[in-house]
Amino acid sequence: MMEVDLLYFEKKYHNCIVAGIDEAGRGPLAGPVVASAVIIDNANIITGIKDSKKLSKKTRELLYEQITSNYVWATAIISHTEIDDINILEATKKACSIAVANLSLEPEIVLVDGNMQFKDERFVSIINGDNLSLSIAAASIVAKVTRDRLMLDLSAELPQYLWHKNSGYGTKEHIEAINIHGLSPYHRRSFRCC
């Protein structure tokens with residue numbers, strides 16, 4: 001298999017300030033959606049960064065600390081209630097836009113994982129971007145760790161839903177817990193699950 005150059009898109013826009021953005025939490029039945037934006041420093045490449053889903057929890061946590069200590073980054077969180085109000089796609093797009101707006105450095109190009117379309121012309125959608133862009137991969141790590149930590153806190157409040165294990169996703173055990181205990185205040189009412 002051919003090695004992917006994770007800096008291809010960053011090099012393509014080498015004269016620009018480039019941010020990568022990714023989200024965590026589009027599919028779960030409970031909790032917020034989180035988007036993170038990261039501007040990497042091409043002179044200080046952190047090794048091991050790749051799509052958060054391909055990393056162990058321990059490695060994600062270590063890389064999160066390195067990314068947030070060395071790069072410009074920002075995160076936005078959209079609550080489960082707002083997801084229900086505006087739908088998950090619009091909530092995700094809103095989180096992405098807020099995360100970019102919260103960066104301390106204004107990007108000229110924003111690489112976005114997936115195929116979402118934005119009115120802001122700086123946004124460039126890249127399907128499978130978390131496997132093709134180092135900036136997006138770094139953002140995927142920050143978003144996932146941030147959301148997992150939020151769900152861990154919620155799990156301490158409502159342990160019966162096992163969010164410390166499932167992060168709010170519709171696992172068999174989570175759906176069984178909903179059937180036994182009903183929906184919690186943190187479940188998305190617009191997601192029909194059981």
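For all residues, glycine too, the Cβ spot is worked out from N, Cα and C.
Divalent metal cation binding, as stated in Swiss-Prot, involves D22, E23; the candidate among D51, D84, D85, D113 given for that site is D113. Under 8 Å, Cβ to Cβ, and six or more positions away along its own chain, E23 (divalent metal cation binding site) finds V33, V34, A35, S36, T92, A95, C96, D113, A143.
Across the binding-site residues listed here (D22, D113), the residue whose Cβ sits among the most other Cβ atoms within 10 Å is D22.
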